[in-house]
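Peer 1: Look at TrEMBL and you will find 1-13, 22-31 tagged as compositional bias 'Polar residues'. Residues or ranges marked as compositional bias 'Basic and acidic residues' by TrEMBL: 32-47. Annotated region 'Disordered' per TrEMBL: 1-50, 237-266, in sequence order. Summarising the annotation, TrEMBL assigns repeat 'WD' to 152-194, 195-226, 278-319, 320-361, 364-404.
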Amino acid sequence: MPTESASCSTARQAKQKRKSHSLSIRRTNSSEQERTGLPRDMLEGQDSKLPSSVRSTLLELFGQIEREFENLYIENLELRREIDTLNERLAAEGQAIDGAELSKGQLKTKASHSTSQLSQKLKTTYKASTSKIVSSFKTTTSRAACQLVKEYIGHRDGIWDVSVARTQPVVLGTASADHTALLWSIETGKCLVKYAGHVGSVNSIKFHPSEQLALTASGDQTAHIWRYAVQLPTPQPVADTSQISGEDEVECSDKDEPDLDGDVSSDCPTIRVPLTSLKSHQGVVIAADWLVGGKQAVTASWDRTANLYDVETSELVHSLTGHDQELTHCCTHPTQRLVVTSSRDTTFRLWDFRDPSIHSVNVFQGHTDTVTSAVFTVGDNVVSGSDDRTVKVWDLKNMRSPIATIRTDSAINRINVCVGQKIIALPHDNRQVRLFDMSGVRLARLPRSSRQGHRRMVCCSAWSEDHPVCNLFTCGFDRQAIGWNINIPALLQEK
(Lines of atoms letter the chains of each structure in order from A and count residues from 1; the text may use other names and numbers.)
(Lines give C-alpha, C1' and ligand atoms only; values in the text may rest on other atoms or scores of the structure.)
Protein backbone atom coordinates (compact mmCIF):
# COMPACT_ATOMS: atom_id res chain seq x y z
CA MET A 1 0.00 0.00 0.00
CA PRO A 2 1.29 3.52 -0.76
CA THR A 3 2.08 5.90 2.08
CA GLU A 4 -1.07 7.58 3.45
CA SER A 5 -1.36 11.10 2.05
CA ALA A 6 -3.44 14.08 3.13
CA SER A 7 -6.17 13.07 0.67
CA CYS A 8 -6.42 9.58 2.15
CA SER A 9 -6.64 11.02 5.64
CA THR A 10 -9.36 13.43 4.56
CA ALA A 11 -11.30 10.69 2.81
CA ARG A 12 -11.11 8.43 5.83
CA GLN A 13 -12.38 11.23 8.10
CA ALA A 14 -15.29 11.88 5.73
CA LYS A 15 -15.99 8.14 5.62
CA GLN A 16 -16.02 7.92 9.43
CA LYS A 17 -18.39 10.89 9.60
CA ARG A 18 -20.77 9.31 7.14
CA LYS A 19 -20.55 6.05 9.00
CA SER A 20 -21.70 7.69 12.22
CA HIS A 21 -24.88 8.87 10.48
CA SER A 22 -25.64 5.70 8.52
CA LEU A 23 -27.26 2.42 9.36
CA SER A 24 -24.80 -0.15 10.66
CA ILE A 25 -25.41 -3.46 8.94
CA ARG A 26 -23.68 -6.57 10.20
CA ARG A 27 -23.99 -10.00 8.65
CA THR A 28 -25.16 -12.76 10.99
CA ASN A 29 -23.32 -15.95 10.11
CA SER A 30 -23.61 -19.51 11.32
CA SER A 31 -20.88 -19.12 13.96
CA GLU A 32 -22.82 -16.20 15.54
CA GLN A 33 -25.96 -18.32 15.61
CA GLU A 34 -24.04 -21.01 17.43
CA ARG A 35 -22.79 -18.47 20.00
CA THR A 36 -26.34 -17.27 20.69
CA GLY A 37 -27.53 -20.84 20.96
CA LEU A 38 -30.53 -20.27 18.66
CA PRO A 39 -29.87 -22.07 15.38
CA ARG A 40 -32.70 -22.31 12.87
CA ASP A 41 -33.51 -25.97 13.65
CA MET A 42 -33.98 -25.12 17.32
CA LEU A 43 -36.29 -22.24 16.41
CA GLU A 44 -38.35 -24.53 14.24
CA GLY A 45 -38.56 -27.06 17.05
CA GLN A 46 -39.70 -24.65 19.75
CA ASP A 47 -43.27 -24.82 21.01
CA SER A 48 -45.48 -22.07 19.61
CA LYS A 49 -49.14 -21.22 19.43
CA LEU A 50 -48.74 -20.16 15.82
CA PRO A 51 -49.97 -22.59 13.12
CA SER A 52 -47.21 -24.44 11.35
CA SER A 53 -48.04 -22.78 8.03
CA VAL A 54 -47.70 -19.33 9.57
CA ARG A 55 -44.42 -20.29 11.25
CA SER A 56 -43.09 -21.60 7.95
CA THR A 57 -44.07 -18.37 6.20
CA LEU A 58 -42.37 -16.29 8.89
CA LEU A 59 -39.20 -18.36 8.72
CA GLU A 60 -39.16 -18.02 4.96
CA LEU A 61 -39.62 -14.26 5.23
CA PHE A 62 -36.83 -13.87 7.77
CA GLY A 63 -34.63 -15.98 5.53
CA GLN A 64 -35.35 -13.62 2.63
CA ILE A 65 -34.58 -10.62 4.83
CA GLU A 66 -31.27 -12.17 5.90
CA ARG A 67 -30.31 -12.82 2.28
CA GLU A 68 -31.21 -9.26 1.30
CA PHE A 69 -29.03 -7.84 4.05
CA GLU A 70 -26.19 -10.22 3.14
CA ASN A 71 -26.30 -8.91 -0.41
CA LEU A 72 -26.38 -5.35 0.89
CA TYR A 73 -23.44 -6.07 3.17
CA ILE A 74 -21.40 -7.45 0.26
CA GLU A 75 -22.28 -4.44 -1.90
CA ASN A 76 -21.18 -2.13 0.92
CA LEU A 77 -17.81 -3.87 1.11
CA GLU A 78 -17.33 -3.53 -2.65
CA LEU A 79 -18.22 0.15 -2.53
CA ARG A 80 -15.80 0.71 0.33
CA ARG A 81 -13.04 -0.91 -1.76
CA GLU A 82 -13.94 1.39 -4.64
CA ILE A 83 -13.65 4.40 -2.33
CA ASP A 84 -10.21 3.30 -1.17
CA THR A 85 -9.06 2.63 -4.74
CA LEU A 86 -10.34 5.99 -5.92
CA ASN A 87 -8.62 7.81 -3.10
CA GLU A 88 -5.33 6.09 -3.95
CA ARG A 89 -5.70 6.97 -7.62
CA LEU A 90 -6.53 10.59 -6.83
CA ALA A 91 -3.48 10.82 -4.58
CA ALA A 92 -1.27 9.43 -7.36
CA GLU A 93 -2.78 11.78 -9.95
CA GLY A 94 -2.20 14.73 -7.62
CA GLN A 95 1.56 14.08 -7.66
CA ALA A 96 1.71 13.82 -11.47
CA ILE A 97 -0.33 16.80 -12.70
CA ASP A 98 1.95 19.42 -14.34
CA GLY A 99 4.85 17.89 -12.47
CA ALA A 100 3.76 19.71 -9.31
CA GLU A 101 1.89 18.69 -6.22
CA LEU A 102 -1.69 19.83 -5.90
CA SER A 103 -2.49 21.90 -2.90
CA LYS A 104 -4.20 20.18 -0.03
CA GLY A 105 -7.34 22.25 -0.61
CA GLN A 106 -7.60 21.25 -4.29
CA LEU A 107 -7.04 17.57 -3.58
CA LYS A 108 -9.48 17.66 -0.69
CA THR A 109 -12.15 19.20 -2.92
CA LYS A 110 -11.64 16.60 -5.68
CA ALA A 111 -11.66 13.66 -3.28
CA SER A 112 -14.69 15.02 -1.43
CA HIS A 113 -16.63 15.32 -4.71
CA SER A 114 -15.80 11.76 -5.80
CA THR A 115 -16.54 10.22 -2.42
CA SER A 116 -19.84 12.11 -2.21
CA GLN A 117 -20.83 10.53 -5.55
CA LEU A 118 -20.03 7.09 -4.19
CA SER A 119 -21.85 7.93 -0.98
CA GLN A 120 -24.95 8.75 -3.03
CA LYS A 121 -24.57 5.46 -4.89
CA LEU A 122 -24.34 3.67 -1.55
CA LYS A 123 -27.53 5.37 -0.33
CA THR A 124 -29.34 4.50 -3.55
CA THR A 125 -28.31 0.85 -3.26
CA TYR A 126 -29.47 0.75 0.36
CA LYS A 127 -32.83 2.32 -0.47
CA ALA A 128 -33.38 -0.09 -3.35
CA SER A 129 -32.57 -3.10 -1.18
CA THR A 130 -34.74 -2.02 1.74
CA SER A 131 -37.58 -1.09 -0.64
CA LYS A 132 -37.42 -4.61 -2.01
CA ILE A 133 -37.74 -5.99 1.52
CA VAL A 134 -40.73 -3.76 2.30
CA SER A 135 -42.30 -4.68 -1.04
CA SER A 136 -41.84 -8.35 -0.13
CA PHE A 137 -43.81 -7.80 3.07
CA LYS A 138 -46.60 -5.97 1.21
CA THR A 139 -46.81 -8.66 -1.45
CA THR A 140 -47.01 -11.40 1.16
CA THR A 141 -49.77 -9.54 2.99
CA SER A 142 -51.72 -9.02 -0.26
CA ARG A 143 -51.27 -12.66 -1.22
CA ALA A 144 -52.60 -13.83 2.14
CA ALA A 145 -55.58 -11.45 2.16
CA CYS A 146 -56.43 -11.57 -1.58
CA GLN A 147 -56.74 -15.01 -3.13
CA LEU A 148 -57.88 -16.04 -6.58
CA VAL A 149 -60.80 -18.46 -6.27
CA LYS A 150 -62.31 -19.01 -9.72
CA GLU A 151 -61.72 -18.13 -13.37
CA TYR A 152 -64.66 -17.71 -15.75
CA ILE A 153 -63.47 -18.56 -19.26
CA GLY A 154 -65.73 -18.80 -22.29
CA HIS A 155 -65.87 -15.50 -24.16
CA ARG A 156 -64.18 -15.26 -27.52
CA ASP A 157 -63.17 -11.61 -27.16
CA GLY A 158 -62.36 -9.10 -24.45
CA ILE A 159 -64.76 -8.60 -21.53
CA TRP A 160 -65.81 -5.01 -20.95
CA ASP A 161 -68.03 -5.32 -17.90
CA VAL A 162 -68.83 -7.62 -14.99
CA SER A 163 -71.79 -7.49 -12.60
CA VAL A 164 -73.34 -9.55 -9.81
CA ALA A 165 -77.08 -10.28 -9.53
CA ARG A 166 -78.88 -8.63 -6.63
CA THR A 167 -81.55 -11.31 -6.32
CA GLN A 168 -81.52 -15.06 -5.71
CA PRO A 169 -80.04 -17.05 -7.28
CA VAL A 170 -76.89 -14.91 -7.22
CA VAL A 171 -75.09 -15.24 -10.56
CA LEU A 172 -72.25 -13.44 -12.29
CA GLY A 173 -72.80 -11.55 -15.54
CA THR A 174 -70.19 -10.59 -18.13
CA ALA A 175 -70.46 -8.36 -21.22
CA SER A 176 -68.05 -8.95 -24.08
CA ALA A 177 -66.85 -7.56 -27.38
CA ASP A 178 -67.83 -10.93 -28.91
CA HIS A 179 -71.44 -9.60 -29.10
CA THR A 180 -72.68 -11.77 -26.20
CA ALA A 181 -73.40 -11.55 -22.49
CA LEU A 182 -72.94 -14.64 -20.32
CA LEU A 183 -74.32 -15.59 -16.92
CA TRP A 184 -72.14 -17.80 -14.72
CA SER A 185 -72.39 -19.94 -11.63
CA ILE A 186 -70.08 -18.16 -9.18
CA GLU A 187 -69.18 -21.36 -7.32
CA THR A 188 -68.53 -23.71 -10.25
CA GLY A 189 -67.53 -21.33 -13.05
CA LYS A 190 -70.08 -22.96 -15.37
CA CYS A 191 -71.85 -20.88 -18.01
CA LEU A 192 -75.61 -20.89 -17.28
CA VAL A 193 -77.14 -18.58 -19.91
CA LYS A 194 -75.92 -16.93 -23.08
CA TYR A 195 -77.56 -13.77 -24.42
CA ALA A 196 -76.99 -13.29 -28.16
CA GLY A 197 -79.55 -10.62 -29.05
CA HIS A 198 -77.09 -7.83 -29.89
CA VAL A 199 -75.34 -7.35 -33.23
CA GLY A 200 -72.50 -5.31 -31.77
CA SER A 201 -70.11 -5.38 -28.85
CA VAL A 202 -71.88 -5.74 -25.49
CA ASN A 203 -70.37 -2.96 -23.41
CA SER A 204 -72.12 -3.29 -20.05
CA ILE A 205 -74.47 -5.48 -18.05
CA LYS A 206 -76.55 -4.64 -14.97
CA PHE A 207 -79.09 -6.73 -13.03
CA HIS A 208 -82.55 -5.57 -11.98
CA PRO A 209 -82.79 -4.78 -8.24
CA SER A 210 -85.66 -7.20 -7.58
CA GLU A 211 -86.40 -9.34 -10.66
CA GLN A 212 -84.47 -11.78 -12.85
CA LEU A 213 -83.91 -9.19 -15.55
CA ALA A 214 -80.68 -8.03 -17.15
CA LEU A 215 -79.95 -4.72 -18.89
CA THR A 216 -77.22 -4.71 -21.54
CA ALA A 217 -75.79 -1.83 -23.60
CA SER A 218 -74.26 -2.39 -27.01
CA GLY A 219 -72.30 -0.94 -29.89
CA ASP A 220 -75.38 -1.56 -32.06
CA GLN A 221 -76.79 1.72 -30.62
CA THR A 222 -79.38 -0.05 -28.44
CA ALA A 223 -79.86 -1.26 -24.89
CA HIS A 224 -81.74 -4.52 -24.28
CA ILE A 225 -83.75 -5.76 -21.31
CA TRP A 226 -84.06 -9.54 -21.17
CA ARG A 227 -85.34 -12.09 -18.69
CA TYR A 228 -83.34 -15.09 -17.55
CA ALA A 229 -84.12 -18.22 -15.53
CA VAL A 230 -81.26 -20.28 -14.14
CA GLN A 231 -80.75 -23.31 -11.96
CA LEU A 232 -77.48 -23.36 -10.11
CA PRO A 233 -75.36 -26.53 -10.40
CA THR A 234 -74.03 -28.35 -7.34
CA PRO A 235 -70.87 -26.58 -6.14
CA GLN A 236 -67.60 -28.48 -6.49
CA PRO A 237 -64.66 -28.21 -4.07
CA VAL A 238 -62.73 -25.02 -4.74
CA ALA A 239 -59.14 -25.54 -5.85
CA ASP A 240 -56.52 -24.19 -3.49
CA THR A 241 -54.68 -21.36 -5.25
CA SER A 242 -53.13 -19.88 -2.13
CA GLN A 243 -49.77 -21.47 -2.93
CA ILE A 244 -49.47 -19.65 -6.22
CA SER A 245 -46.98 -16.84 -5.76
CA GLY A 246 -47.86 -13.31 -6.74
CA GLU A 247 -44.38 -11.86 -6.26
CA ASP A 248 -42.86 -12.21 -9.70
CA GLU A 249 -44.59 -10.41 -12.52
CA VAL A 250 -43.93 -11.91 -15.92
CA GLU A 251 -44.58 -10.32 -19.28
CA CYS A 252 -47.03 -12.62 -21.02
CA SER A 253 -47.67 -12.94 -24.74
CA ASP A 254 -50.79 -14.17 -26.48
CA LYS A 255 -49.51 -17.73 -26.45
CA ASP A 256 -49.53 -17.64 -22.63
CA GLU A 257 -53.28 -17.06 -22.50
CA PRO A 258 -55.73 -19.88 -21.79
CA ASP A 259 -56.85 -21.95 -24.74
CA LEU A 260 -60.19 -20.37 -25.62
CA ASP A 261 -60.76 -22.01 -28.99
CA GLY A 262 -63.52 -24.19 -27.55
CA ASP A 263 -66.85 -22.41 -26.98
CA VAL A 264 -67.86 -23.44 -23.46
CA SER A 265 -71.10 -21.45 -23.82
CA SER A 266 -72.30 -23.46 -26.82
CA ASP A 267 -74.12 -26.04 -24.70
CA CYS A 268 -75.88 -23.59 -22.35
CA PRO A 269 -79.34 -22.07 -23.02
CA THR A 270 -79.23 -19.13 -25.45
CA ILE A 271 -81.58 -16.12 -25.42
CA ARG A 272 -81.78 -14.27 -28.71
CA VAL A 273 -84.79 -11.94 -28.36
CA PRO A 274 -85.08 -9.20 -25.70
CA LEU A 275 -88.19 -8.30 -23.77
CA THR A 276 -87.56 -4.62 -24.53
CA SER A 277 -85.21 -2.76 -26.83
CA LEU A 278 -84.34 0.86 -26.00
CA LYS A 279 -83.65 2.73 -29.25
CA SER A 280 -83.01 6.47 -29.29
CA HIS A 281 -79.26 6.92 -29.54
CA GLN A 282 -77.31 7.83 -32.67
CA GLY A 283 -74.08 6.22 -31.53
CA VAL A 284 -72.59 3.41 -29.48
CA VAL A 285 -74.36 2.82 -26.17
CA ILE A 286 -71.42 2.42 -23.82
CA ALA A 287 -73.25 1.84 -20.51
CA ALA A 288 -76.69 1.44 -18.92
CA ASP A 289 -78.10 1.14 -15.40
CA TRP A 290 -81.36 0.78 -13.50
CA LEU A 291 -82.76 3.64 -11.44
CA VAL A 292 -83.82 2.82 -7.89
CA GLY A 293 -86.97 0.68 -8.00
CA GLY A 294 -86.20 -0.70 -11.46
CA LYS A 295 -89.03 1.09 -13.30
CA GLN A 296 -86.69 3.34 -15.25
CA ALA A 297 -83.32 2.84 -16.91
CA VAL A 298 -80.62 5.26 -18.01
CA THR A 299 -78.19 4.81 -20.92
CA ALA A 300 -74.97 6.62 -21.88
CA SER A 301 -73.81 6.95 -25.47
CA TRP A 302 -71.02 8.13 -27.70
CA ASP A 303 -73.54 10.57 -29.21
CA ARG A 304 -72.77 12.74 -26.12
CA THR A 305 -76.17 12.18 -24.50
CA ALA A 306 -77.65 10.07 -21.74
CA ASN A 307 -81.26 8.91 -22.04
CA LEU A 308 -83.81 8.08 -19.36
CA TYR A 309 -86.41 5.46 -20.35
CA ASP A 310 -89.60 4.04 -18.95
CA VAL A 311 -88.93 0.31 -18.75
CA GLU A 312 -92.52 -0.84 -19.20
CA THR A 313 -93.31 1.26 -22.28
CA SER A 314 -89.76 1.68 -23.68
CA GLU A 315 -90.53 5.38 -24.11
CA LEU A 316 -87.87 8.06 -23.83
CA VAL A 317 -88.59 10.16 -20.73
CA HIS A 318 -85.62 12.57 -20.76
CA SER A 319 -82.59 13.19 -22.94
CA LEU A 320 -79.70 14.44 -20.82
CA THR A 321 -77.46 16.77 -22.84
CA GLY A 322 -74.52 18.96 -21.92
CA HIS A 323 -71.36 16.89 -22.27
CA ASP A 324 -68.97 18.16 -24.95
CA GLN A 325 -67.58 14.75 -25.93
CA GLU A 326 -68.52 11.08 -25.90
CA LEU A 327 -69.88 9.58 -22.68
CA THR A 328 -67.92 6.74 -21.12
CA HIS A 329 -70.09 5.53 -18.24
CA CYS A 330 -73.26 6.08 -16.23
CA CYS A 331 -74.22 5.02 -12.72
CA THR A 332 -77.32 5.36 -10.51
CA HIS A 333 -77.61 5.90 -6.77
CA PRO A 334 -78.71 2.76 -4.87
CA THR A 335 -81.43 4.52 -2.82
CA GLN A 336 -82.13 7.90 -4.49
CA ARG A 337 -83.14 9.09 -7.94
CA LEU A 338 -79.68 10.36 -8.83
CA VAL A 339 -77.61 9.64 -11.95
CA VAL A 340 -73.95 10.39 -12.62
CA THR A 341 -72.52 10.39 -16.16
CA SER A 342 -68.83 10.41 -17.16
CA SER A 343 -67.31 11.74 -20.35
CA ARG A 344 -64.20 12.18 -22.42
CA ASP A 345 -64.59 15.95 -21.86
CA THR A 346 -62.76 15.43 -18.48
CA THR A 347 -65.93 16.04 -16.44
CA PHE A 348 -68.71 14.06 -14.84
CA ARG A 349 -72.22 15.33 -14.21
CA LEU A 350 -74.74 14.67 -11.46
CA TRP A 351 -78.38 14.59 -12.56
CA ASP A 352 -81.06 14.92 -9.87
CA PHE A 353 -84.52 13.45 -10.54
CA ARG A 354 -85.77 13.43 -6.95
CA ASP A 355 -88.10 16.34 -7.64
CA PRO A 356 -90.28 15.50 -10.68
CA SER A 357 -90.68 19.18 -11.54
CA ILE A 358 -86.99 20.10 -11.33
CA HIS A 359 -84.16 18.20 -13.01
CA SER A 360 -80.97 19.86 -11.80
CA VAL A 361 -77.47 19.08 -13.02
CA ASN A 362 -74.09 19.72 -11.38
CA VAL A 363 -70.78 19.57 -13.23
CA PHE A 364 -67.65 18.19 -11.52
CA GLN A 365 -64.35 19.44 -12.93
CA GLY A 366 -61.15 18.07 -11.46
CA HIS A 367 -59.60 15.63 -13.91
CA THR A 368 -57.25 16.45 -16.78
CA ASP A 369 -58.16 13.53 -19.05
CA THR A 370 -61.11 11.26 -19.85
CA VAL A 371 -63.25 10.38 -16.85
CA THR A 372 -63.68 6.64 -17.35
CA SER A 373 -66.25 6.13 -14.57
CA ALA A 374 -67.89 7.75 -11.58
CA VAL A 375 -69.83 5.76 -8.99
CA PHE A 376 -71.88 6.45 -5.87
CA THR A 377 -71.05 5.33 -2.37
CA VAL A 378 -73.17 5.31 0.77
CA GLY A 379 -74.14 8.83 1.77
CA ASP A 380 -73.19 11.87 -0.24
CA ASN A 381 -69.95 10.76 -1.87
CA VAL A 382 -69.00 10.05 -5.48
CA VAL A 383 -65.75 8.38 -6.57
CA SER A 384 -64.38 9.14 -10.04
CA GLY A 385 -61.59 7.49 -12.02
CA SER A 386 -59.75 8.85 -15.01
CA ASP A 387 -57.20 8.26 -17.72
CA ASP A 388 -55.12 10.93 -15.96
CA ARG A 389 -54.14 8.12 -13.54
CA THR A 390 -56.01 9.55 -10.57
CA VAL A 391 -59.06 8.63 -8.53
CA LYS A 392 -60.90 11.37 -6.66
CA VAL A 393 -63.44 11.16 -3.85
CA TRP A 394 -66.04 13.94 -3.86
CA ASP A 395 -68.61 15.27 -1.43
CA LEU A 396 -71.85 16.07 -3.26
CA LYS A 397 -72.37 19.02 -0.92
CA ASN A 398 -69.06 20.59 -1.94
CA MET A 399 -68.19 20.24 -5.61
CA ARG A 400 -65.26 22.65 -5.70
CA SER A 401 -62.53 20.21 -4.74
CA PRO A 402 -62.21 16.50 -3.93
CA ILE A 403 -61.88 15.38 -0.33
CA ALA A 404 -59.28 12.74 -1.30
CA THR A 405 -57.07 12.06 -4.32
CA ILE A 406 -55.39 8.77 -5.21
CA ARG A 407 -52.48 8.98 -7.66
CA THR A 408 -51.43 5.86 -9.55
CA ASP A 409 -49.03 4.83 -12.32
CA SER A 410 -51.58 3.77 -14.94
CA ALA A 411 -54.91 4.80 -16.47
CA ILE A 412 -57.93 3.66 -14.48
CA ASN A 413 -60.97 1.92 -15.92
CA ARG A 414 -64.40 1.15 -14.42
CA ILE A 415 -64.04 1.37 -10.67
CA ASN A 416 -66.32 -0.12 -8.03
CA VAL A 417 -66.80 0.58 -4.33
CA CYS A 418 -67.47 -1.98 -1.61
CA VAL A 419 -70.25 0.01 0.02
CA GLY A 420 -70.24 -1.71 3.40
CA GLN A 421 -66.47 -1.45 3.96
CA LYS A 422 -65.85 1.63 1.78
CA ILE A 423 -63.06 0.00 -0.23
CA ILE A 424 -62.39 1.09 -3.81
CA ALA A 425 -61.24 -1.44 -6.42
CA LEU A 426 -59.16 0.14 -9.20
CA PRO A 427 -58.70 -1.83 -12.45
CA HIS A 428 -55.77 -0.52 -14.50
CA ASP A 429 -54.58 -0.50 -18.09
CA ASN A 430 -51.32 -2.08 -16.89
CA ARG A 431 -53.13 -5.29 -15.78
CA GLN A 432 -53.02 -4.45 -12.08
CA VAL A 433 -55.94 -4.22 -9.65
CA ARG A 434 -55.37 -2.17 -6.51
CA LEU A 435 -57.53 -1.66 -3.42
CA PHE A 436 -57.74 1.66 -1.55
CA ASP A 437 -59.86 3.01 1.25
CA MET A 438 -61.93 6.19 0.90
CA SER A 439 -59.22 8.34 2.44
CA GLY A 440 -56.73 7.29 -0.27
CA VAL A 441 -54.71 4.75 1.72
CA ARG A 442 -53.57 1.77 -0.34
CA LEU A 443 -54.68 -1.54 1.17
CA ALA A 444 -53.49 -4.18 -1.31
CA ARG A 445 -52.67 -5.16 -4.86
CA LEU A 446 -54.28 -8.30 -6.22
CA PRO A 447 -51.67 -11.00 -6.92
CA ARG A 448 -50.58 -11.35 -10.53
CA SER A 449 -47.99 -13.67 -12.04
CA SER A 450 -47.52 -15.89 -15.06
CA ARG A 451 -49.96 -18.39 -13.53
CA GLN A 452 -52.72 -16.20 -12.14
CA GLY A 453 -54.31 -12.81 -12.61
CA HIS A 454 -55.07 -10.89 -15.76
CA ARG A 455 -52.71 -10.94 -18.74
CA ARG A 456 -54.08 -7.84 -20.44
CA MET A 457 -55.86 -4.62 -19.54
CA VAL A 458 -58.32 -4.97 -16.65
CA CYS A 459 -61.56 -3.30 -17.72
CA CYS A 460 -63.90 -3.49 -14.76
CA SER A 461 -64.39 -4.60 -11.15
CA ALA A 462 -67.49 -5.49 -9.13
CA TRP A 463 -67.99 -6.25 -5.44
CA SER A 464 -70.38 -8.84 -4.03
CA GLU A 465 -70.08 -8.19 -0.31
CA ASP A 466 -72.31 -10.97 1.00
CA HIS A 467 -71.14 -13.88 -1.16
CA PRO A 468 -69.36 -16.54 0.94
CA VAL A 469 -66.95 -17.68 -1.80
CA CYS A 470 -66.06 -14.63 -3.91
CA ASN A 471 -66.57 -11.01 -2.91
CA LEU A 472 -64.70 -9.26 -5.73
CA PHE A 473 -64.80 -9.90 -9.47
CA THR A 474 -62.62 -8.47 -12.22
CA CYS A 475 -62.66 -8.81 -16.00
CA GLY A 476 -60.27 -7.86 -18.73
CA PHE A 477 -59.33 -7.91 -22.35
CA ASP A 478 -57.67 -11.29 -21.85
CA ARG A 479 -61.21 -12.75 -22.32
CA GLN A 480 -61.65 -13.96 -18.76
CA ALA A 481 -63.33 -12.88 -15.55
CA ILE A 482 -61.82 -13.74 -12.17
CA GLY A 483 -63.43 -14.23 -8.77
CA TRP A 484 -61.38 -13.23 -5.72
CA ASN A 485 -61.77 -13.80 -2.01
CA ILE A 486 -60.71 -10.63 -0.21
CA ASN A 487 -60.14 -10.94 3.53
CA ILE A 488 -61.34 -7.42 4.28
CA PRO A 489 -60.82 -7.56 8.10
CA ALA A 490 -57.19 -8.59 7.52
CA LEU A 491 -56.64 -5.70 5.12
CA LEU A 492 -58.18 -3.16 7.46
CA GLN A 493 -56.19 -4.54 10.39
CA GLU A 494 -52.97 -4.29 8.39
CA LYS A 495 -53.77 -0.65 7.59
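The first residue you see is number 1, and the count goes up from there.
Even glycines carry a Cβ here, placed using N, Cα and C.
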Peer 1: Taking a Cβ cut-off under 8 Å, which residues six or more beyond the ends of the repeat 'WD' (278-319) line up next to it in the same chain?
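Peer 2: Distant contacts of the repeat 'WD' (278-319): 161, 200-201, 203-204, 206, 208-211, 213, 215-225, 325-337, 339, 341-343, 351, 353, 359.
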Peer 1: Do you know the DSSP helix, strand and coil residue counts for the repeat 'WD' (320-361)?
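Peer 2: Grouping H, G, I as helix and E, B as strand yields 0 helix, 26 strand, 16 coil.
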Peer 1: Quick one: DSSP breakdown of the repeat 'WD' (364-404) into helix, strand and coil?
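Peer 2: The composition, in the requested order, is 0 helix, 22 strand, 19 coil.
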